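Notes follow once the structure below has been shown.
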Amino acid sequence: MKAFTYERVNTPAEAALSAQRVPGAKFIAGGTNLLDLMKLEIETPTHLIDVNGLGLDKIEVTDAGGLRIGALVRNTDLAAHERVRRDYAVLSRALLAGASGQLRNQATTAGNLLQRTRCPYFYDTNQPCNKRLPGSGCAALEGFSRQHAVVGVSEACIATHPSDMAVAMRLLDAVVETITPEGKTRSITLADFYHPPGKTPHIETALLPGELIVAVTLPPPLGGKHIYRKVRDRASYAFALVSVAAIIQPDGSGRVALGGVAHKPWRIEAADAQLSQGAQAVYDTLFASAHPTAENTFKLLLAKRTLASVLAEARAQA
């Protein structure tokens, strides 16, 4: 780990301004991903801005009847919140499917959204990786790619986004609230938050330099059956090969989003319109642009079967 300076700030505006003022600065809250990356010198911030004291740890009901989740709400607290468990069960279940209890106690809402890929080539500084070192190449393209993306890929990167929480939040039409160094606030839908890899996979989100996430807002809850199904190599502390988040109504309508298959939570609204036609029709829409490698083609069949299993469960409990 390389040397860095450290400061604590008192307001979100102060945090954003400090991040803009100091080149190479990073925000730190739970640190569950950032500290690992710093130890490996994948992330080498010159300055850490501790945002834990900003009071962004509340869950509040909005005037519209939704929820406003502070950026610093810990994953454990969010999953256990009475309103989340009752009205946004898919989110609670996704959170509990991720990481371990110890990590959930420390990890924050904003940090979960911003966590980096777990591609082994990203973590190996001896390997080329366009996400870590732009222009160096992508070792995964011709390497071990069993866990990598099958949709939304480019010739520069085939890494997946690892978050379970983000998949559920995308299903729920979450909106990310931020503050810029100029003191302006922005609202970014989660649908627009993650950038496709294209030729610049190192630019992962829509955040501007120094911009700080302050909250995530959820619209009023949707009724129906909430399901989160995660398929992985072992029963705990493993990232998804494929995951499916779904909210299905008694009449068979609803919405679905997938994890483990792309650089972001994978949702195509046109697929929702196919739910009444069954899993095959939904799958065909979601994976029309699939571009798997020889090693991860199995994910396509796995995704189709997981979709079918989720829809069958929803029908059985309707």
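Every residue, even glycine, has its Cβ placed from backbone N, Cα and C.
The annotation FAD binding site is assigned in Swiss-Prot to Lys26, Phe27, Ile28, Ala29, Gly30, Gly31, Thr32, Asn33, Leu34, Thr108, Asp164, Ile213, Lys230. Under DSSP, Lys230 (FAD binding site) is assigned to a strand (E or B) in the three-state scheme. Sequence-distant contacts of Lys230 (FAD binding site), defined by Cβ-Cβ distance under 8 angstroms and a gap of at least six in the same chain, are Ala94, Ala97, Asp164, Ala240, Ser243, Gly259.
Secondary structure from DSSP puts Cys157 ([4Fe-4S] cluster binding site) in a beta strand. In sequence order, Asn130, Lys131, Cys138, Ala140, Pro197, Pro201, His263 constitute the residues six or more apart from Cys157 ([4Fe-4S] cluster binding site) in its chain with CB-CB distances below 8 Å. Sequence annotations record features per position, and here Swiss-Prot assigns [4Fe-4S] cluster binding site to Cys119, Cys129, Cys138, Cys157 based on experimental evidence.
Residues or ranges marked as domain 'FAD-binding PCMH-type' by Swiss-Prot on the basis of sequence analysis: 1-223.
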Cβ within 8 Å of the mean position of the Cβ atoms of Cys119, Cys129, Cys138, Cys157: remaining residues of the chain near [4Fe-4S] cluster: Thr117, Tyr121, Phe122, Pro128, Asn130, Lys131, Arg132, Ala139, Ala140, Leu141, Ala156, Ile158, Ala159, Pro201
Number of other Cβ atoms within 10 Å of the Cβ of Cys138 ([4Fe-4S] cluster binding site) across all protein chains: 26
Nonlocal neighbours by CB distance (under 8 Å) for Ile28 (FAD binding site), same chain, sequence gap 6 or more: Leu34, Leu48, Ile49, Asp50, Val51
Cys129 ([4Fe-4S] cluster binding site): tally of other CB atoms within 10 A of its CB: 26
